[in-house]
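The structure appears right after this line, and notes come after that.
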C-alpha cells in the first residue's frame, strides 16, 4: 500500500511553487514538463510589461536600457543558480542545435593534432547529426559508443573508446529516453585523463539535477531552457565555456554580436575576449526575459530541494508503475536517474494516445517508450497518482 | 515653402495604419523604425493570447496544434507579401547572422570549382565578418569591392570583380548607412552571367521596398524582421532558397529541425527535401507569431502603397534637411534610395544625443552619420516636420 498522494503533497516543502505557475488547463496530469515546462505567473507578467512598456514604449532605447547585456546577465544568473558556474562563462543565445554546433567547432580547435570526436549512439539526434556534420567539415572521424540504453555511458564504456586520437567527447547528462543520469565528474575526469575535452549536453538535467561544472572542471556545456527551466516554446539555449578555454575558443558564426565592439562596425573582425564571443546575431529579447524568470524560480526553490523532490516524485512514479506491472527502463537507483521515468510497452503509441484522451499528457518516443516527466516545481504527487490510475485503466484492455 | 505636413498626412492613404500600432511613448518623433519597428496592436494581443492560452493552456500540445509548421507557414506568408516568392522557398529561423552563415555554405557548395566570394566593403559588418569566416573554413578567397558609399555597388563596379573564380556574391539591397538602393535584378543578372550565385541581404529593404525574388531569379536571400516588418527586438530572421537550388543547398547546422522526419529521431541524418532543411533547432514561437502579425499589416497595406509613401516621406525629409543646409548622403533620385535618409555632420554623435534629449530618436552611425528612418506604416509627415524643426535648432549652436 503506497502512501496517500495528499499526504505526500502536504509534506512537500516545494508544494507552494505550483501556485507560482498558470495551471488552468483541462488536464488531469501534465507529465511532459521535461519537453515543455509550464508557464510561470511571473513570466506572464514580465512578458506583458516587456511588450507593452519596453518594446512599445522605449523602442530602440530598450537596447541601451538593458537588453544588450541580457545574454550575459541571464547567462550568469543561470550559471550560478543551475550549473555551478562562476560569472563570465555562460551566455544565453540561439537554439540548442546552433549552440552545439558552435561548441563542437570551438572544442575541436583546442586539440588540433587529434582527429576523433566520440559520441554515444543513444545521444539525442541533434547532437549526433551535428557531430557528423562538424566532423566531416573538419576532416575528423566520429567514434561511436554503443552503450546499453539503460546503463548508458559508464566510465568503462567510455574508457574503451578514448585514446590519443580523441579530441572531443560529447555526452548527455541525462539520457532523453531512459532518464539515466551519467556520472558527470567521473566521465569528465576520464576524458581529461585521455587528453581530450568534453561537451556536456544538459538539456534533460539542468533545472532538475544539481550540476557543478566548475568543480568538475567541465570544458564546455550546452542546454535548452524550455524543459525544467520553464522558458517557453523555442526559448533560447545557453552555452558554457570554462574560463581557461575562453581565449582559444573559436566558433565560426562570427556575427556582429560576437565582436569585441558591437557598435564599432569596424572593417576587420576581432572577437570579444569575453563569453560574448559565443554569440552571433541579435538575441531574442522576449525569450531571454522568460529564461530569466524561469531561472529565478529555481534559484528561489534551491536546486538541492528541487533534486530532493525530483527523487521523491520519480520513486513514487516507479512504485505506482510497478503496481501496474509495466516494464520500467529508468534506473531504480535514484542516484542514477534524472527527473523522468520511462515505461516500455509494445503498443506505446496507442497507450500514449489514450492517456492524452483521458487528460494525462506523457511523451511518446519511438518505437515503444512512454516518458513520464516529473517537473519538481509543478508536478504534484496527486497528479502522479491520478496519472497512474488512468494508465492502469488504459493498459488493461491493450494488454 | 514646403507643403504643410498636416495636408500631407490628410492626403496619405496609409495614414490610418499608424493607429494600428501602440504609440504612447514620450517622443516627438521616432525615426528609428529602420532599426527597431514599433509594436503593432495586433501583436500585443496575439502575444498575450499565445502566452496565456497556447503556452499556458495547451502546453506541449501547442506544437502539434500549429507551432511545428510556423517556420514554413510564416515564411510562405512573408515570401508572398514582401519578397515576390512563391511558397516553399522561404523559412523563418534563427538570427540574421546564423541565417547568413548557413546561406554562405549552401551557396559556396553550388560552385565547387570556384574559390572566390565577392562582397563590398560597405556591407553590414555581420555579412563581412561571416564571409571572412566561411571563406577561411572552405579554403576560399574574399574579393572586396570598394565602392563609393553613396553610389554603392553598380553593375560596372561589380562586373570588374567577377570572373571564372567567382563562386558567390553577397550584396545588401539597401545600404545600411547611405540608404542607397541597389539594382537587384540587374546585379543578379550580372552575377549569373559570370556563372556565380548571389545572396541578397534584404534587412534594410524588405517591408519598405517592393522585391521580386522569383522574377529576378535570385538564388538566395536573407533578412531580419525587426525593422520594417515590426517583429520586435531579436525577432527571428528568414532565408529564401530558390526552388531550383533546394536539392543541392546544404547547410552545416544539421539540427533535428532540418531532418526529413523531425520526430523519427533516426540513427542517421537525412535532410528534409523541403525548405525545412534550412532550419536547425527549435524555433522561437513568440517571435514567429510576432513576425506573422507584422507581415500581415504590410500585406494589408500593400507593398506598392508602402513604397509610394516611403518615397514621399524620404523626399519630404530631404527637402526639410536641405532647408537646414546639412549634407545628405542618401541619393536624391527616389529610385536609388530605400526608406531612410542619412545626414553627415562632423559632430554627428553630439547632434544625435541632443536630438534624443529633445524627443527625436534617430540613429547614429560611426563616425559622422545620422540616419533618419522613415517607416511607412508608422511615420507621419507631422513627425518628420517636427523632427526637422528640432534638428535645425540642435545643429545651429553646434555649427
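Placement of Cβ uses the backbone N, Cα and C atoms for every residue, glycine included.
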Considering the pyridoxal 5'-phosphate binding residues B:96, B:97, B:124, B:125, B:126, B:127, B:201, B:204, B:226, B:256 given in TrEMBL, which of B:73, B:154, B:282 is annotated for that site as well? B:282
Around the Cβ of residue B:126 (pyridoxal 5'-phosphate binding site), other Cβ atoms found within 10 Å total 27
For residue B:201 (pyridoxal 5'-phosphate binding site), the three-state DSSP class is strand
Residue, out of the binding-site residues B:124, B:226, whose Cβ gathers the largest set of other Cβ atoms within 10 Å: B:226
Residue B:282 (pyridoxal 5'-phosphate binding site) to residue B:227 (N6-(pyridoxal phosphate)lysine): how many Å between their Cα atoms? 23
For residue B:227 (N6-(pyridoxal phosphate)lysine) and residue B:201 (pyridoxal 5'-phosphate binding site), determine the Cα separation and express it in whole Å. 13
